[in-house]
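Annotation comment: TrEMBL describes 1-25 as signal peptide. According to TrEMBL, the feature domain 'Ribophorin II N-terminal' maps to 32-307. The domain 'Ribophorin II third' annotation in TrEMBL covers 425-546. Among the features that TrEMBL reports, domain 'Ribophorin II C-terminal' is placed at 579-679. According to TrEMBL, the feature transmembrane segment maps to 590-610, 622-646, 652-669.
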């Protein structure tokens with residue numbers, strides 16, 4: 001219990017806020033916002049290693065309306081031009097080069113386009129795997145959509161359609177090739193997008209029975225969808241395939257691209273329930289902001305596909321604020337928009353009811369055209385502070401919009417209504433076991449007046465108070481805690497109980513002497529009351545002088561209090577130090593005499609050289625050997641000079657470092673010099 005109260009209070013408030021946030025996040029979804037735009041700049045703020053990564057970054061910026069750097073477009077267009085004219089470019093490289101070109105509108109040479117179209121058409125005719133169909137057909141669709149070539153069609157579109165359709169499975173999934181028995185939902189999305197490309201490139205109508213069969217495959221695929229409790233749906237990519245282990249985000253992205261592309265080029269509808277399309281939108285909005293660039297792109301691209309599609313456009317009901325104050329008379333605001341935040345068609349929003357609260361009646365919210373929100377000006381007067389779940393209903397002004405948009409029939413949103421909870425009838429008293437109250441004081445939570453009490457181990461401490469809401473109803477918070485802190489920092493925490501209309505706690509010190517470790521002295525009294533919907537507070541009530549008996553020999557000892565971690569950053573104690581007096585030195589004459597004795601060996605060495613008759617007859621005459629010999633003698637002189645500096649100035653470690661370099665240098669030049677002398681000597685002897 002030896003914890004600081006601010007930390008303990010912070011823990012209470014944090015837990016309450018986390019619970020509120022979790023409840024809100026579990027039931028409400030927000031469309032794409034500025035936080036996504038800021039995160040996009042951070043996630044894609046780097047040089048891109050491939051055209052695929054470049055396209056993902058550019059497409060994300062375009063969808064979110066983020067301004068990209070000018071130099072990115074220049075470098076990307078250069079890479080596009082090189083890829084389109086290179087004969088070694090793969091189908092995947094060409095596909096993403098055309099995707100980047102679709103975003104940047106680079107200048108593409110007409111001759112290179114002709115070559116690319118020929119390469120892609122040849123690849124379609126010889127394709128044997130789903131990825132080959134996907135990249136080659138997708139490339140041709142991009143050429144056609146970018147108007148790089150007129151009258152672009154597939155020669156045998158229906159035959160290509162049948163070749164891709166042959167890879168489908170009975171459960172709605174697709175295989176990557178006829179030789180690979182494994183199938184996945186990710187491959188299904190690629191196949192549907194490729195089939196949509198075949199239809200758009202066909203010069204004649206595709207057999208409607210093939211299209212009808214494909215629509216049935218889509219319905220079977222959606223039977224495999226996974227669902228969360230909040231209505232979000234996704235495709236699990238754990239079963240995967242032999243190529244890559246695709247996760248739920250990537251698999252769901254692939255299916256969304258596939259079904260929206262296929263619906264865009266076919267007549268009729270796919271008969272997909274609007275709740276599943278809305279569930280796909282909820283899944284990607286519920287992801288938040290992915291930390292991985294690939295997942296970030298998949299999220300944004302999926303929402304862009306759902307933003308405008310022929311299946312059903314999901315609309316999201318969101319609240320700018322799920323916490324409203326009754327004291328400030330806040331208005332409840334509700335907004336309906338698309339997944340990317342665009343305005344919804346004309347509609348009405350009705351507050352149907354509040355769960356488990358009959359006080360709130362059905363009413364229609366007013367539309368604020370200036371701020372594009374629906375507003376509930378005032379709540380019912382009988383609505384008090386607390387946690388509520390409001391049920392909203394969306395009603396279109398035009399009944400035809402029900403076919404084009406996907407909305408929830410009833411949307412449940414957690415709402416927190418807060419207010420100023422008043423503290424009343426607050427009293428603290430010291431009770432005697434026999435005589436009753438002997439000292440009672442009123443508590444003033446609005447002011448700064450502190451009470452001062454005294455008690456012994458035969459007495460009791462009683463605290464009581466009431467909490468009332470703005471409507472005068474008794475209020476029960478999440479936490480009501482009384483804490484007594486001894487002057488030695490030992491803390492004791494007690495939960496204040498609720499007796500119905502008031503809170504009350506009685507501390508019997510006779511039964512608490514061991515818990516208080518028999519510590520007499522001054523105790524600080526603190527009260528903490530916290531809840532998510534009230535003005536939580538922490539107050540120091542006053543002090544209690546407690547007189548407890550002496551501790552028995554075997555009584556428990558108070559715990560050692562942890563040191564303050566911030567004390568290490570405070571000023572340190574001043575260090576007083578007296579330096580030792582220097583040792584007595586010898587006379588100057590004696591020092592000079594010793595210096596002379598150390599120089600005598602050097603003089604003897606020089607005299608010895610003169611007596612021996614030193615000459616330079618063997619000094620090399622060739623340029624290179626002479627240079628090495630000269631450097632060797634210079635190195636010897638440098639070592640001698642280093643000894644002088646060591647004697648006068650340098651320390652041992654510095655001298656050894658320099659000597660190490662000089663030693664390596666002398667070893668090299670000395671070896672070359674001696675090698676030359678040995679070679680010269682052997683030649684003279686042989687002659």
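The chain as shown is numbered from 1 upward.
Quick reminder: no glycine exception, Cβ is built from N, Cα and C everywhere.
Just so you know, TrEMBL annotations are computer predictions that nobody has curated.
Predicted, not measured: the structure shown is a model, and the values here were computed from it.
Among residues of the same chain six or more beyond the transmembrane segment (652-669), those with a C-beta under 8 A of the stretch's C-beta atoms are 628-629, 631-632, 635-636, 638-639, 642, 645-646.
When pLDDT is averaged over the domain 'Ribophorin II C-terminal' (579-679), the result is 86. Break the domain 'Ribophorin II C-terminal' (579-679) down by DSSP state and the numbers are 79 helix, 0 strand, 22 coil. Remark: secondary structure over the domain 'Ribophorin II third' (425-546) totals 4 helix, 74 strand, 44 coil, with classes taken from DSSP.
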